[in-house]
């Protein structure tokens with residue numbers, strides 16, 4: 001590694017270290033975006049999903065982000081999870097203050113979301129990680145390359161590679177960060193449906209090891225996974241990484257990819273969700289938030305539960 005690359009890696013890792021120190025050792029990530037947009041009346045039955053609102057109703061995205069900041073979130077994730085160059089082209093676009101609000105002055109990070117290749121397909125394969133033999137490491141790097149460059153040019157604090165379903169895509173992201181000499185730090189967040197492996201069946205430990213060995217990655221963890229699996233997954237990740245561990249589970253509800261709907265009453269309440277938080281912190285998680293079907297109320301409760309944190 002040349003001196004410049006070493007300096008970049010060092011500054012990348014210090015961003016998260018310094019941020020966590022300023023936040024008192026633990027930070028709050030925001031919650032579900034798409035489901036909140038829908039609760040405000042957005043119709044997301046579209047291959048672009050929540051990214052559709054970037055075009056049709058940006059004011060709603062602004063409102064939901066603000067709701068999460070006022071609920072105590074320290075990290076806001078952008079609505080770019082399903083915003084792919086290929087997806088926008090397919091749609092015909094060219095390439096080219098009040099009660100209970102947490103208004104405490106604090107550093108805030110903006111994380112640019114990158115969803116998986118399976119998210120672009122919009123066929124549920126992000127929840128299986130099964131892309132077929134035709135999809136290679138090079139295919140995935142080519143698919144994500146320009147999109148990552150565009151997000152970097154927009155100037156976020158972090159790039160959030162979310163809901164990573166298999167080892168191949170994690171490897172593609174790691175190589176892309178190095179090949180493009182990306183100067184913005186990243187996190188890798190995997191999803192699991194059995195509490196042991198990522199959704200494709202690949203070993204979580206092997207996936208986390210890829211993140212650990214990539215100097216540009218400053219945190220590694222789990223998202224869009226039922227809360228009951230999180231504790232064991234944190235312990236598994238901790239065996240192979242020294243980086244901060246982040247977790248933002250879904251509400252525990254089941255998503256039926258066939259009918260593209262969440263199955264009602266299959267999740268946990270905000271109270272039950274939050275009851276896990278101290279155990280996750282003790283197990284080693286330092287960044288905690290929510291994913292699908294969690295709300296600003298969930299995040300407010302997490303904020304209040306996190307040790308040494310209290311509403312002002």
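The backbone N, Cα and C atoms fix where each Cβ goes, glycine too.
Residues or ranges marked as Zn(2+) binding site by TrEMBL: 224, 291, 292. Look at TrEMBL and you will find 15-306 tagged as domain 'Hcy-binding'.
All features noted in TrEMBL, drawn onto the structure.
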| residue | record | CB count, 10 Å |
| --- | --- | --- |
| 224 | Zn(2+) binding site | 24 |
| 291 | Zn(2+) binding site | 26 |
| 292 | Zn(2+) binding site | 21 |
So which other residues, same chain and not among 224, 291, 292, have a Cβ within 8 Å of the centroid of the Cβ atoms at the Zn(2+) site?
32, 163, 191, 223, 225, 248, 249, 250, 251, 290, 293, 294
Integer mean pLDDT for the domain 'Hcy-binding' (15-306):
85
